[in-house]
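Student: Sharing the feature lines straight out of TrEMBL:
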REGION    1-84  region 'Disordered'
COMPBIAS  7-16  compositional bias 'Basic and acidic residues'
COMPBIAS  33-49  compositional bias 'Basic and acidic residues'
COMPBIAS  72-82  compositional bias 'Basic residues'
DOMAIN    202-305  domain 'M23ase beta-sheet core'
Amino acid sequence: MSSFHRPSTETPHDSGDPNGATHPSHHRRRDSKQHDNKPGQDRTYRHTETVGSATEQAARSGRKIPESPTRARSKASRKPRPRVLGPCLAMGFVAALAITTSVPARSLVSPAQLSAHVLAVEATDNTQPGQHIEITGTNLAIGVTREDYQVESRRELAAAAGIQTAPTFTNNPNGTIQWPFAVGVKIGDRFGYRNCAGCSTDHGGQDFNPGLGAKIQAIAAGTVSVSTEDGGSLGTVTMIDHVINGKKITSVYAHQLAGSRRVQVGDTVTPGQAIGQVGNTGMSTGPHLHFEIRTGGVDGTKVDPLVWLQENTN
């Protein structure tokens, strides 16, 4: 720190000294003025150079300046504010992600929009430059025929309908001569002699065991000649006359579920048409279809149905 005395504003008197020395009386006047000052009224001016703030000066001297009470109170009154913006954004992102991953994309569009989109894509792939394709409501109706079903699909449908399938045969739904069931089922007692207590030892047909209620179908086009709930030992039975390879053939469907017959005498049927359901009526030891093939009509000769089907189905 430096200090200096303010120079006097009085003009020094020329003493006539060639060296410019001041007259002694001038110093006496200054001294007298200083001695005339009252206590506490020092007229000597001192100037302090401003080096820095009080805080900087205190830091240089090693002193610590006490904190202002007002500033201390303002700090004490401040409480940390909870930062809620970040967690809220994070929770919102997680919720949006959960919705997008849990909701299938198909549920966000209508079936009509989805079908129209598929048709539009197909049209784009097959459209030549300059062509225009109009998609209307009729374009969305896609017909499905029996040919579109695969073997596995038919088996799954049969299983869902209660039919017990088995890899015994494969039915062609488009054939003119088919099996009495749309899918392969378990094969029961064969045609001919059998050792059976309580039933006929001369078995005139072939038994199929698809389960109670399984749908029975006509093997070929023909005309219903017999349809009754009272078929004696055959129980509920349906008989259909066919002309196959120029010969008259009658197919017999016995032990049907009571009340399940879907055709009457005189009705014409087509291959694969449902005519009834598997039951346990008549002389039967359990639910099954007793199937017969008779050559020459209802009163004709019985032949081995399994062999006949294997030779004639197409």
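Glycine is treated like the rest: Cβ placed from N, Cα and C.
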Student: Taking helix as H, G and I and strand as E and B in DSSP, count the residues of the domain 'M23ase beta-sheet core' (202-305) in helix, strand and coil.
Tutor: 4 helix, 54 strand, 46 coil
Student: Across the domain 'M23ase beta-sheet core' (202-305), what is the average pLDDT of the model, as a whole number?
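Tutor: Averaged over the domain 'M23ase beta-sheet core' (202-305), per-residue pLDDT gives 96.
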